[in-house]
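See structure below.
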Amino acid sequence: VRDGYIVDDKNCVYHCIPPCDGLCKKNGGKSGSCSFLVPSGLACWCKALPDNVPIKDPSYKCHKR
């Protein structure tokens, strides 16, 4: 398990909607909160996510189209 900014399959963060605590728990984490991530803005930070749930990799950009 690890802590981090939860992301979708394109390495894009979730922007605090839906509420982070529910999103993180739904994905197997212990808890979640809204935090500021440069340059993404407000994003969901999760504690104790399972290893199979993707978290933000700063070496790759978000690839939304």
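A Cβ is built for glycine as well, from the same backbone N, Cα and C atoms used for every other residue.
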Choosing among C44, C46, which residue does Swiss-Prot name as bonded to C24 by a disulfide? C46
Between C12, C20, which residue forms the disulfide that Swiss-Prot gives for C44? C20
Near C16 (disulfide bond), which residues of its own chain have a C-beta under 8 A away, given they sit six or more steps off in sequence? C34, L42, A43, C44
Three-state secondary structure of C24 (disulfide bond) from DSSP? helix
May I ask you to report the DSSP-based helix, strand or coil state of C34 (disulfide bond)? strand
